[in-house]
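Have a look at the structure below, then the notes.
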Amino acid sequence: MSNSDIRSFFGGGNAQKKPKVSPTPTSPKPKRSLKKKRIVLSDDEDGTIENSKVPASKSKVQKRNESEDISHSLPSIVHEDDKLVGSDGVSTTPDEYFEQQSTRSRSKPRIISNKETTTSKDVVHPVKTENFANDLDTTSDSKPVVHQTRATRKPAQPKAEKSTTSKSKSHTTTATTHTSRSSKSKGLPRFSDEVSQALKNVPLIDVDSMGVMAPGTFYERAATTQTPGSKPVPEGNSDCLSGISFVITGILETLTRQEATDLIKQYGGKVTGAPSVRTDFILLGENAGPRKVETIKQHKIPAINEDGLFYLITHLPASGGTGAAAQAAQQKKEQEEKKILETVARMDDSNKKESQPSQIWTSKYAPTSLKDICGNKGVVQKLQKWLQDYHKNRKSNFNKPGPDGLGLYKAVLLSGPPGIGKTTAAHLVAKLEGYDVLELNASDTRSKRLLDEQLFGVTDSQSLAGYFGTKANPVDMAKSRLVLIMDEIDGMSSGDRGGVGQLNMIIKKSMIPIICICNDRAHPKLRPLDRTTFDLRFRRPDANSMRSRIMSIAYREGLKLSPQAVDQLVQGTQSDMRQIINLLSTYKLSCSEMTPQNSQAVIKNSEKHIVMKPWDICSRYLHGGMFHPSSKSTINDKLELYFNDHEFSYLMVQENYLNTTPDRIRQEPPKMSHLKHLELISSAANSFSDSDLVDSMIHGPQQHWSLMPTHALMSCVRPASFVAGSGSRQIRFTNWLGNNSKTNKLYRMLREIQVHMRLKVSANKLDLRQHYIPILYESLPVKLSTGHSDVVPEIIELMDEYYLNREDFDSITELVLPADAGEKLMKTIPTAAKSAFTRKYNSSSHPIAFFGSSDVLPMKGSAQREVPDVEDAIEAEDEMLEEASDSEAANEEDIDLSKDKFISVPKKPKKRTKAKAEASSSSSTSRRSRKKTA
C-alpha cells in the first residue's frame, strides 16, 4: 500500500492532495541558500549573486561610503512575492521595471528581498492594528510598505543586524506574534485566505470588560449555567481546527470541559493547560480564574465562547486550509503515518509465520522486541541491564552497586497499574538475554510449604531445560540459565499463608535471578521485600507513545482508526494496552471503521469495573466535585460507589467527615461560616445515626438486605452532601475496628469479674463498673504501688474474699479511667513489690467460686462420635449398650487436664540422656567397689 493509500486509510478527508503554490515564471523563487544574498543586476551581464556583507578587508569608512554612493543613485526596490515595489508604492514585474529604467541613466539597481527588509534595522514597519482579525489578513494588498529614501535613510551602522521581531518586541500587538510564527514556514502566511477570513469574522469576547471571579462565588454561580446539551453541536470538515491551539478556562454554558476538549481534538485542534504566546484562542467561560485573565490581557490573546468555537467548526475548511500552520500539522501527521508503516513492516518481518485465525490479538501482536513496548523505555533498559550483569554481580557476591545500584540485588520488583506491559517486558527481556522462564502467578498456590516444594533444587544455577536434556537432545550450556518470575505477588490471599516471607527467604539464598511483579507497591504485605529487591516502577504510557502501535495493529487488521479515536481509547482505558487491543478485536467483528464518537460508546459499554479501595471511595465522596450543581453524577452513580466496599465505605466517611471545609460555607460571611459549619456537621451526624438504625435491621435477626441502598444513602451520600469540599488532611483509616475490638474485650473482662463476685455482691455489670471497680482499683493496684511488703497479704486476702483471681487483678487495672491510667500505674510499681506479690499468690491456695465444664478442653486428636438417625438408633441400641463401657473409658482418656488452669498436673520426669546414664552407672559401680574394699 502506498503512502497516499495509508493517508486515505487513516485520515479520511485528508486523502486529497493539496495543490502547491508555484511561483510565476517571470520571478523564480530564490533558493533557501539565498537568504542573506543580494542579486546585483548590471547592464552587460546577467544577475550575479554577491554576499550582502562587505569583505573584511575593507574598512568601516569605505563600507559606509560605498553604501552612501549606491543609495544616491538607486531607488529602493523591495521584492515582495513576485513583484517589485518601488518607493512610490507601485507594484510592477521585473520586465516592466527594466523597460521603464531603459530611458534613464544606466545605473545598477539592487533588489532587496522581503526577508531582508523585515530583518534589517534600517527598514521600519510600524504595524498597529485595531483588532485581531485585521492582523491575520496577511494577504491584503492594502498593507502599507514603508521604504527609506535618500533623505530619510540613516548611515549604516557597523553593528550586526538584529531582527525587529524578537520576543522583546512581539508583545505590542497580536499580529506581530502570528507574523513571527509564520516566518518559520518558508515565507508562507500562517493561515490561508479562507482561514483568515473565517478568523476575521469569528465573534470575540472583550476580556477587558470581563469581571474577575470573586472569592467564594464559584459554586454559587455554577448553578446559573444552562442545561447541558441545550445547544446543538455542529458538524464541520475533517481536521478543520488543524494548527490552532486553544486553552479552556471557566465554566462553559452547555459543554463540560472534557466535552469541549474532546470536540476540539476531534477536529484536529490542540488543547493546552495554560495560556501563553503560542495560544491562538481562549475558550472562555464564566468565572474564569484571575491569574488566567491577567495572562490573557498581558499577551492579548483573542477569547471566544462556545458560539465562537461552533463558528470556527462550521466555517473553517478541511485540514485547516493551506497555511503554514496547517502544513506543519499535516507534516506531523505524515510523520506519524510513516512511523506506523515502519511498525507494520517490522511486525511483518517478526511474524513471518502465518498466525491462526482463532488466535487472539493480544497473543498475535505480543511484542517481539523492545521497540514494540509502549513507554517505560528507561525502566525496561534497567531491567535488561540487571539481567545482563546478574552472573557477573553474583561472582562479586553482590557487593558492587554499579552506577544505578543494580549490582546489590538478587531480585527486582516491577510495580505499576495492570495492562501496561510489566509481565510482557519481563518475559521479553528474559528471552532476549537467553534465559529460560519459570513463572508462578495468581493461579498457583504459593504458600510457604508449596514454595519450598516447588522451588526445591530450582533456585540453583541450572536451567529448567537441563532437567529434561538427554544424550540424544543435549542442552546448549550457553543457554543453561533460568529466571524465576513471580507474578501478582500482591494478590497472595490468606491461602498463601507465609508466601511473601518465604519468597523473601528464597531471594536471599537464591542463585538465579528472580523478577517479582505486583500492582500495588504500597501494600503492607510487600514490606519484607523492601531491602531485598530493586524497585522498578512502571508508569502509564501516554497517547503519543501508544498511538503508532495501536494504529499499526488496526492497519494490519483492516480497521480504520483515527488518531482522535486512539486518544479517547487511551484516556478511557487509562493506558491499558491489553484492554485496548481486546476492544478493537471485538469491535472489528461488527464494524470496519471507528470514529471518535464510536470510540466513546465502545469505552462506555466496555468500561472495566475496577473495585475501588476504601480510601478512594472516601475521597470521591468528600471531594466537592461529585455534589457540584454542574456535576453529571446521578444518584445511582453515588450509590454504586458505596457498593465497591459496603463494609468499610461508610466507616471511612464517618472517620474523615470532620476534616473537610464544606463548599456550602464558602458563600457565607466569615462570622457566620463557623456556625454554618457546625450546622452541617450536625446534619451529617444525624444522618449517620439514622444509618445505624438501618444497619441494625440489615444485620439483625431478620436480615433485611433489601435495605442496603437505603443504608448507602443515609450513611454515605447524604452526609457527604453536607460536608463535601476541600480536605486539608490525609484520608485516615477507620478507628472503629480497633475501638470495637477493645470494647468487646473490656465487656468480657467485666462479665468475668461480675461472675466471680456474684457470691458476695448483687450488683449488675453497670453498677459493678460504676461503684465497685474504682474502689477495687484503689484497694489493689494503688496499694501495691506503695512498695511496702506488708500490704501484699492484705491485697491477697481481699481478692480471696471476693473470689478474684490473678487475671481479675489485671482486668481491674485495665478497666479504670482514663484508659492509660492503669498502664502508667503498673510502670510505677517497684519490681520487688511485683515479685513479692506474685510469689506470695502462687505459693498459697485460693477459693474458687465455680468454673464451667467448657474450661476443660478435649484433646486435639479426639474425633466426635456421629449421632445416629432415628431408624438407626433402634437397630443399634444393643450395640450401644455393649460399647458404653468402652466409650466411657475413651472419654476419660480424651480429657486433657493440662488445659485446665485450676488443676496442677505434675510434670513427667525428664528422660536422662545416654551420657548421664553412663556417668551415673559408672559412679554407682565405683561406690560399690569402694564399699567392697572397705
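Numbering starts at 1 and runs along the chain as it is shown here.
Including glycine, each Cβ sits where the backbone N, Cα and C put it.
Quick look at what Swiss-Prot lists:
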- T362, C374, G416, P417, P418, G419, I420, G421, K422, T423, N519: ATP binding site (BINDING)
- 29-39: compositional bias 'Basic residues' (COMPBIAS)
- 89-104: compositional bias 'Polar residues' (COMPBIAS)
- 118-128: compositional bias 'Basic and acidic residues' (COMPBIAS)
- 165-186: compositional bias 'Low complexity' (COMPBIAS)
- 876-895: compositional bias 'Acidic residues' (COMPBIAS)
- 236-326: domain 'BRCT' (DOMAIN)
- S27: phosphoserine (MOD_RES)
- 1-190: region 'Disordered' (REGION)
- 876-934: region 'Disordered' (REGION)
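Between the listed binding-site residues, namely G416, P418, the fewest other CB atoms within 10 angstroms of a CB are found at P418. Largest Cα-Cα distance over the residues recorded as binding ATP, namely T362, C374, G416, P417, P418, G419, I420, G421, K422, T423, N519, equals 20 Å. Applying an 8 A CB threshold to same-chain residues 6+ apart, the list for N519 (ATP binding site) reads S415, G416, P417, P418, E488, D490, G491. Around the Cβ of K422 (ATP binding site), the same chain contributes L414, S415, G416, I517, F538, each under 8 angstroms and 6 or more positions distant in sequence.
The average per-residue pLDDT of the prediction over the domain 'BRCT' (236-326) is 82, rounded to a whole number. Fewest other C-beta atoms within 10 Å: among the binding-site residues T362, I420, that description fits T362.
Secondary structure from DSSP puts T362 (ATP binding site) in a helix.
DSSP assignment over the domain 'BRCT' (236-326) gives 36 helix, 16 strand, 39 coil.
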